[in-house]
Amino acid sequence: MSKSGDQIDTTSDDGDHVTPPTSYEPDELPRQFSLFSTLAFGFSMTNSWLGYSATFITPLLLGGSPTVFFGLLAASVACCFITAGLAELASAYPSSGGQYHFAYMVTSPKYRALVAFVMGWLSVVAWALTSASTALVCAQMIGSLAGIYNPSYIGQAWQTWMIYVLLVLIATTIVCLLPAALPRAEMVMFVSSFLGFVASFIAVLATRKHTQSAKTVFVDFENNSGWSDSTSFIIGLGTCMYAYLAIDGACHIAEELPNPRSDVPRAMGLTMLIGMTTVIPWTLVFLFSITDVDDVTSSSIPVYTIYLQATQSQSAATVLTVWILFVYFGALVSCIVTTGRLAYAFARDGGLPYSTFFARINSKHQAPVNATGACAGVIILYGLIYIASVTAFNSFISMSILSLNLTYALPQAILLFRGREHILPKRPFDLGRHLGPICNAFSILWVVFITILFCFPTSIPTTTVSMNYVSVVITGISLLIMVSWWGGKRKTFSGLRIEIEGVEVVPQDNDFSSSTPPTSNRSNYRGKSPVSICSN
């Protein structure tokens, strides 16, 4: 309950009484991030040109250069709408909980606990999968570079997993033991990413001796998937969304910002803008520089092969690839930060098993060490699947794109269905009466569309090796959430735990009348999960 004595609705969706959460004071995270360091944090995870360098091979196989380029353009437009709708919610309800907090605030009292619980679990799982995909890309790069310089070395799946484990442990150690250094480290990674982009761009343009024709890049469709050309392009389009994965990253450090209502939406918007202005030119340059597509598609490090074909120098290709690897590791650190912060926020609200333990902030390091360490353990266990089946693990990677986008769209769907004008408080970033519903509606339709896409195999006929296991993963995650809810959480989880000083708690229906004064830009809840608040 709040300190002012306001009552919390403790009735579950089926009418049962829910045990109120144990009264305790959640620990605070220090407000150490500025707007620039928040932008650096958000971009170091999304890092569009870097992320696309690891995944463009799938659309290349599903239609050639036209799918790679036009699929990216379509993904860019779609993600602009999705990001705008999500940023508006972040401006209204800033919290480390991000999307599950947004979902709680816009859902009716009868269902908000259940919706928040489902969204909380989906968000935590999505970010764990995103961290796993980032760590795996780094591990595969290291193993492949070793093979390039030592042709007798044939990497095994278990060796890749060992590298993967080492990277996760190093990143987790940095996050847990050096939290005060994170803002500066993120700025270093931001600059490193920009310099890497510039270096790659100039090096390829200055040294390439062959240029593909515009017809090859924009028109010649090469489809070897077994699907029709249109279906092949659409399936490839889903993977292009990886270029803007983790656009919500800044949301999850909202409680470490002095002015989250303004700065988080700005950071998200700038992340999208910088992402588009880097990934689109970079993609064009490498598409025009490819000399042998078959060599690229069969390479263990496609981006290395492109650099090699363009520069004709193994040393230059290696330096540029190692630069990408370094920045990618920085993205892994940011992903571990976000996953840990999100798990901490969810545990603080009682959503995880042993929530009291995982909701603690380490007094010495001022970081959610318990939650971050637990997430690292889960990420390491995810990696074991790679040893058993690379294809099955890749389904988890596809699931990271899908599950994160589901968390982006579901709160917007509820908001649009219930009526934006009756739900949202006044906020610094307001999409308005016309653009807001358009962004929300588009986000919903687009995510429904890509949900269907991600259940398709990338080629036909399928085998046990080429089969798409995303639907199996979705089923498994759904069962996990249902078992957890009906296994006891429906009796104990009431949603966000409220500890608010000096503010008035808005009634549970979240109905903000036009006379409701706006909240200040400075967060009033000091690192605690709030219900929506207004000034006294």
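Cβ atoms are placed via backbone N, Cα and C, with glycine included.
Annotation comment: TrEMBL describes 1-26, 509-536 as region 'Disordered'. Annotation comment: TrEMBL describes 1-10 as compositional bias 'Polar residues'. Here TrEMBL flags 39-62, 68-93, 114-142, 162-181, 188-207, 267-290, 322-346, 367-389, 395-417, 438-460, 466-487 as transmembrane segment. If you look up TrEMBL, you'll see 513-524 marked as compositional bias 'Low complexity'.
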Proximity of the transmembrane segment (188-207) to the transmembrane segment (395-417), 3+ C-beta pairs under 8 angstroms: no
Interface check, the transmembrane segment (395-417) with the transmembrane segment (466-487), three or more C-beta pairs under 8 A: yes
The transmembrane segment (162-181) and the transmembrane segment (367-389) contact flag, 3+ Cβ pairs under 8 angstroms: yes
The transmembrane segment (68-93) and the transmembrane segment (267-290) contact flag, 3+ Cβ pairs under 8 angstroms: yes
Stretch with greatest number of CB pairs under 8 Å, the transmembrane segment (114-142) reference, 39-62, 322-346, 367-389, 438-460, 466-487 candidates: 322-346
Positions on the same chain near the transmembrane segment (39-62), where near means CB under 8 A and six or more residues out: 33, 68, 71-72, 137, 182-183, 186-187, 189-190, 193, 196-197, 223-225, 227, 232-233, 235-237, 239-240, 242-247, 249-250, 253, 266-268, 270-271, 274-276, 278-279, 282-283, 293, 296-297, 302-303, 324, 327-328, 330-331, 333-335, 337-338, 458
Result, the transmembrane segment (367-389) in contact with the transmembrane segment (438-460) (3+ CB pairs under 8 Å): no
